[in-house]
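Worksheet: one structure, shown below.
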Amino acid sequence: LAAEEWIFGSTDEEKRGTCYFGAFIFWWIVLVISLTLDAISLDRFLFIVKPHLHKRFMRPWVALTLTIAIWILSAVLSIVHLFGFRLFIDICISSTANIGFVVYIILLSAIVLGIIFITSLWTFCFTRRFFKDQSVIAGESVYASKKKRLFGIFGSMLLIYGICFVPGVLYFLLYLFIDVPLWLNIAATICFHFITVTNPIMQSYFRPEIKSIYIVLY
C-alpha cells in the first residue's frame, strides 16, 4: 500500500489475479448486503401490510430459494462490475468511471434504495393509519404510546439508513468529479457494513418472537 500497488503476488500477473479476486469478493459482499436488505424490507412489508400473503407464500423453502438467488445474482452483478465496467478497488488498480458505469450504478442504487424506502414508508403509513382507526374505537389514550413508539422506531430506521448509506452516496458523487481521498473510501465502507449490525436489531421490533428472546437474554 505504501508503494501504491497491490502487494499480494510476486509477479504482475499474480498481483492482478489476486486484485481481481479481492475486488470481486468486495463487490459481492456489498451486493449481497444490499439485496438482502431489500428482501428483509419486502418481508417486513408483507408481514405487516399483507399478512395473509406473507403466511401463504413465505415458507422456509421460499426463503432459502430467495437467499440462494440473491447470492447468485450478486455474483453475476459483481462480474459485471469488474469485467463489464472495469471497476476495481482504488487501492488495488486505478478505476475509471465512464458514462455506462454511471448510468448502471445510478439505476442499481435507485432500485435498491427505492425498494427499501417505498416498502418502509408504506409500512409506516399503514401502521399509523391502523393505530389511528383503533384509537377511535378504543380511545386515544390506549394507542398514544404506541404512536410515539412507531415514530421512534421508523425515525431510528431513517437515522441508521442515513448513517450507513449517505457516506457511500457522497463518496460516489465526489468520485465522479474529483480524486477522492482514501480515508473517505474506508469511512464509507465501514459505515455501509455497519448496517449488518444495526439492521437485525431494528427488525427485532417487528418480530415479537425475536424481541422476546432479547428480553429474556438481556
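The backbone N, Cα and C atoms fix where each Cβ goes, glycine too.
Copied over from TrEMBL, here are the features:
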- 1-203: domain 'G-protein coupled receptors family 1 profile' (DOMAIN)
- 20-40: transmembrane segment (TRANSMEM)
- 61-89: transmembrane segment (TRANSMEM)
- 101-125: transmembrane segment (TRANSMEM)
- 150-176: transmembrane segment (TRANSMEM)
- 182-202: transmembrane segment (TRANSMEM)
Fill in: Rounded mean pLDDT for the residues that make up the domain 'G-protein coupled receptors family 1 profile' (1-203)
79
Worksheet entry | Close approaches to the transmembrane segment (182-202) from elsewhere in its chain (Cβ under 8 angstroms; 6 or more beyond its ends) | 29-30, 33, 37, 40, 90-91, 153, 156-157, 160-161, 163-168, 170-171, 174
